[in-house]
Structures are given as structure tokens and as C-alpha cells.
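> Have a look at the structure that comes next, please.
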Amino acid sequence: MIPISVVRLGAETESLVLDVIRSGIIAQGPKVAELESRFAELVGAEHAVAVNNGTTALVAALQVLDLEPGDEVITSPFTFVATLNAILEAGATARFGDIAVEDFNLTADSVRENLTPRTKVLMPVHLYGQTADMTALGGIAAERGLALVEDAAQAHGARFEGRGAGSFGTGCFSFYATKNLTTGEGGMITTGDADLADRLRVLRNQGMRARYEYEMAGHNYRMTDLQAAVALPQLGGYAGQLDRRRANAARLAELLGDVDGLVLPQQLPGREHVWHQFTVLLPAEHAERREQIIDALRDEHGVGSGIYYPRTVFDYDCYRDREDVVVSDTPVADDVVRRCLSLPVHAYLSDDDVVTVATALRAVLS
Ligand SMILES: *Cc1c(COP(=O)(O)O)cnc(C)c1O
């Protein structure tokens with residue numbers, strides 16, 4: 001079986017985790033600090049603040065903006081539910097632009113259509129490991145005085161015109177088990193703003209500046225040294241992992257390039273994709289049998305695949321009648337959710353595995 005994602009942590013990780021256990025410092029300590037400084041370097045951001053998961057990273061990034069009820073955040077309709085849940089937990093109202101089929105990310109035009117006097121934050125999602133168009137979105141944010149919070153949960157080390165995802169505004173990353181870099185559960189917030197980083201550090205630790213001196217109503221958003229020790233050894237090998245992912249993506253594109261009606265993912269000019277997912281759009285006539293295609297890939301060819309995501313993020317009963325979830329037309333996302341299918345692209349695929357994946361998809365579509 002070729003799984004859609006693989007977690008493989010080696011001897012170096014085992015020994016570093018053991019060091020932490022033996023050190024007696026198992027909550028937030030020096031390993032978290034080391035992970036923060038090395039991650040800031042990867043992103044090209046001045047500051048990085050580690051937290052306990054990617055959802056909290058988003059929540060905290062919004063909480064420090066002191067939003068009022070009714071303040072609006074514009075985000076992508078095609079994302080993991082955490083993006084929307086974070087907006088709601090921060091007490092803001094969510095609005096949705098639409099995506100471009102070329103990069104699956106929020107478009108500047110659709111953002112402009114959703115701007116209101118209450119808009120306070122733009123929250124693009126760098127889906128599958130490729131950034132949104134940060135020139136266009138950053139331009140709107142600057143022109144309107146909006147905060148820019150990037151959901152970079154899938155985009156560790158991705159770049160847009162040489163700049164790292166998470167370095168344009170406040171960057172929010174996830175280290176969940178299946179992400180490109182992992183601590184099991186974990187997250188990171190990056191920023192170039194020293195004051196914001198300071199507020200995030202205080203918020204993360206019960207709003208406490210010094211022992212029993214509280215300056216805001218905070219929370220426990222802390223990461224542990226045990227978690228940081230799981231991620232640290234991955235950083236040294238990450239460039240090599242990205243080379244593998246990129247080579248696998250290029251080979252898949254080559255092997256699938258002539259399949260009629262199949263839309264392949266692209267790396268757009270000026271962007272460095274980190275291939276968290278390799279997501280194709282099935283030919284329209286195959287969309288209704290997507291579940292059967294997934295079953296056949298698995299049962300007949302031993303190939304894992306996944307649907308990220310099967311519906312637009314607001315299209316669930318639990319969000320339907322909420323005043324803080326404002327839905328607009330999202331024709332591109334509506335089409336993409338019906339046709340998307342993610343194939344294995346991870347760094348542990350052999351050359352033969354990549355051929356197996358492509359051959360299997362060709363077979364089930366023919
Ligand atoms: C994984 C993910 C999150 C949430 O991260 P967790 O660490 O699972 O809380 C948020 N947004 C996107 C796009 C994600 O893929």
C-alpha cells in the first residue's frame with residue numbers, strides 16, 4: 001500500500017526526545033526556544049512563537065488584533081475547517097472570497113467584492129503548499145489598512161517572489177502529524193513585528209508578563225520541549241525532503257500530462273511550492289464516481305488518495321444559520337470541491353511508487 005502520507009521519525013529524534021525526558025524539562029523550555037529561532041530562519045521572519053497546534057496559532061494571531069464583534073475576516077472557502085473555526089473562536093465574522101483554479105487560493109478580485117467597512121483582516125490560505133498571490137493580497141491589505149494573517153499550515157518553507165510564506169503578515173503554521181514538518185500536535189506563529197510577538201508570548205502563557213503579573217486575559221497555548229524535540233531533527237533534512245517532493249510532483253505531472261480532461265496542479269511563476277499535497281481535478285464526467293475511484297485506487301492498485309476538501313468550508317448545517325458566517329457565491333470553489341483528488345507526493349515514495357500512482361490513476365479513469 002502506498003499511503004497518502006507517511007510519518008517517519010529516525011534515531012536522531014528518538015535520542016533527542018530521550019534527552020528531553022532525562023533533562024526533566026518536559027514542558028516549554030530550551031528546545032521550544034531553539035525550534036522558534038530555527039523556524040524563524042526557515043520562514044525569513046524576525047520572530048516565531050511556538051504554540052500547541054495550528055488552530056491555536058490562527059486563534060492567537062486574531063486575538064492579539066483586538067477585534068470587536070462584527071469585525072470581518074475575509075478568507076478562502078476552500079480550506080480546512082480550522083480556518084473558519086479560528087475566526088469564530090476569535091469572535092469575528094467570516095466572509096469568503098473565491099479561489100483561482102490555477103493555485104486553489106483566494107483571489108484578489110473576490111476579496112475586493114467582499115470588502116465592507118467592517119473588514120479588518122485578510123486571511124489567505126496557502127493551500128497544498130503554494131502561497132496565494134501575495135502581491136495582490138498584500139496590496140489590498142496595505143491600501144485598506146487591514147491586518148494580514150496567513151494560514152500557512154500547509155506551507156512550511158514555501159516562497160512567493162523569494163519571500164517565505166508567513167513573512168508577509170502574521171504567519172500561522174501547523175505541525176500536525178501529517179504536515180510537512182511535524183511535532184505530532186503543534187503550531188507556530190511568525191511575524192516581523194516585535195510588539196506583536198511580545199503580545200503573542202504573553203497571551204500564550206495565561207497573559208502573564210512576570211510571575212503572577214497578568215496583563216491580559218490569556219490562555220495556555222504553550223508547546224512542550226518534548227514536541228519541539230520531535231521537530232528539531234527534521235529541519236536539517238527539510239531541504240532534501242522538499243527536493244524529493246518536487247521531483248515526485250514533476251514526475252507525476254509528466255506521467256499524467258496527457259490524460260484527457262485531467263487538471264494537474266501547477267507551480268505558478270515566482271512561487272516555490274512545497275507540495276504538501278499533489279491535487280488533481282478529475283475530468284468533469286468522472287466527478288460523480290470519485291468515491292469509487294478512491295476505492296479502486298486503494299483496492300485494485302494499493303494507492304492511497306484523499307479528498308481535501310469535499311465541500312466549501314461553510315457548507316455544513318452547523319454554520320448555516322449563523323450571523324457570523326456570511327456566505328457569498330463561490331463558483332470556482334464549488335466546482336473544485338466536487339473534482340479534487342490528492343495523490344501521494346511525499347518524500348518516501350520510490351521512483352517505482354510514483355509510476356504506480358500515475359499508472360493506477362490512468363487505469364481507473366480509462
Ligand atoms: C492543519 C491545518 C490547520 C490546523 O492545524 P492543526 O495543527 O491541525 O490545528 C489549519 N489550516 C489548514 C489549512 C490546515 O491544513
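The backbone N, Cα and C atoms fix where each Cβ goes, glycine too.
Residues or ranges marked as active site, proton acceptor by TrEMBL: Lys179. Per TrEMBL, N6-(pyridoxal phosphate)lysine is recorded for Lys179.
Distances, neighbours, how buried they are, the whole picture for these features please.
Within 10 Å of the Cβ of Lys179 (active site, proton acceptor) there are 21 other Cβ atoms, across all protein chains.
Secondary structure from DSSP puts Lys179 (active site, proton acceptor) in coil.
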